[in-house]
Amino acid sequence: MSLNDAVTVTITDLTDKGDGIGQLDGRTLYVSGALPGEQVQVRLHGVKPKYAQGELLAVLQPSPDRVANFCSHDECGGCQIGILDYAAQLRLKRQRVQQALAAKGLSAEVAACLGMEEPYAYRNKALYAVQATANGAELGFFRKQSHALVRCDDCGIQPALTAELVATVRDWLQTHDIAGYDEAAHSGTLRYLMLRDGRLSGQWQLVLVTLGETLPEVADLLARLARFPQLHSVVQNINPQRGNRILGFSNRVLLGEEGIHDTLCGLDFYLTPLAFYQINPPQTSVLYQQALAACGLGGDETVFDIYCGIGTISLCLARQARRVVGIELVPEAIDAARANAERNGLDNTEFHAGAAEAVVPALYAAGYRADVVVVDPPRKGCERIVLETMLQMAPRTLVYVSCDPDSLARDLAYLTAHGYGLQSVQPVDMFPHTLHVESVACLHRWE
Ligand code: SAH
């Protein structure tokens, strides 16, 4: 087997980046654009002792689940499984959760993944990188596993107005020769364009992330944006730091307010540029309803919402419980959670800023107890001390909302080994056409 050989291979699985996996002469072969069950012809490159990359030349026998990509931007790295039929995507996601649980010896039934009826234009947030090129500033998404840009104004998972706003900003940048960001030199004016819409409020926000304080020709930009009455907020966010962090900490309002409103589960939320907010509004309602139902609230409970963000789940819980205690690392998110609670008249809530691994044990030591605990941690899952303290609190019900099946399985294995029974696992598709899968797991304490 050597470089540039054309070979035929059968694809048996997908990596978590969405590349097809096959076996050839004892090597694992990775083929971008190939699906499980397919026989494909590939040209080899990157041949190593244990693995090789294959460039897809032809699909000799297509998977019955192969469809034409719903989006015209094949080269974009944003969606990994746009060529897989949506029903098959949902089956794959359920299978991923099942496999992760099985790998930890958990045998719970995993329900069918709850998908969208119309899995397009679902995102309420877009982030375009702005780069310096020979032809002036360019805006786009990153190509697969690279920081090279792909122009993607009419992204298939963004609402239609996105394309018009991106084109308007590009035109303004190029007219005035305003520099895009040069990552290597850490220079330039504009680093990112972020767009966010309140799906039910109809309010839009446009954020220009700049390297420094300077942003020339703002008056002309605002004049160009005047034809979009949906824009309730135009903000300059300043991020002088090197690295992959997108937003800096300082905001300057250029038009309207610093934030926009949105309605979620019948509650009003105010979203400033730095606020974490789930990106798929209809599926967020589905996810939260699943979490809420799993809590089985009767109205008299104290509920902990750990990793609460701006308090979206907490406030849903607060309508059905006696008292809700929210815990979150980012202090600004806690300020937002308190303001959101007040805005919605939910005064049976309290919020604590700090790392869960410090705050939860401190609250327990101070005498706090919970009847029900909801956790919604980042991808790495819960710190062991958080799980241990939860066990000490001995809530009757634990609801684990997870964006990573592997860390979910690890934490569920710990909880089920310490007095809790796994009742149900419900995957929810928050990110159609990508390999991400969100799940809600419900556990009950053995009596
Ligand atoms: N439940 C919220 C947020 C979930 S995202 C929602 O549905 O919108 C996970 C949250 O965990 C983020 O807000 C992140 O800031 C927070 N977080 C990350 N590490 C944390 C830690 N060690 N302690 C507490 N919160 C943390």
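Residue 1 is the first one shown; counting continues down the chain.
Backbone N, Cα and C atoms are what each Cβ position is placed from, and that goes for glycine too.
For the S-adenosyl-L-methionine site, TrEMBL gives Q278, Y307, E328; the one candidate out of D262, D347, D371, D376 that the record lists there too is D376. Sequence-distant neighbours of E328 (S-adenosyl-L-methionine binding site) (same chain, 6+ apart, CB under 8 A from its CB) are Y307, C308, G309, I334, A337, F351, H352, A353.
Across the domain 'TRAM' (1-58), the prediction's mean pLDDT works out to 91. Surrounding the centroid of the Cβ atoms of Q278, Y307, E328, D376, where the record places S-adenosyl-L-methionine, the chain contributes additional residues within 8 Å, namely F276, D305, C308, G309, T312, I313, P377, V401. Around the Cβ of D376 (S-adenosyl-L-methionine binding site), the same chain contributes A291, D305, I306, Y307, C308, G309, I313, V401, S402, each under 8 angstroms and 6 or more positions distant in sequence. If you take the C-beta of C403 (active site) and look for same-chain residues 6 or more apart in sequence within under 8 angstroms, you find P378, R379, M430, H436, V437, E438. Of all Cβ atoms in the shown protein chains, 20 besides its own fall within 10 Å of the Cβ of Q278 (S-adenosyl-L-methionine binding site).
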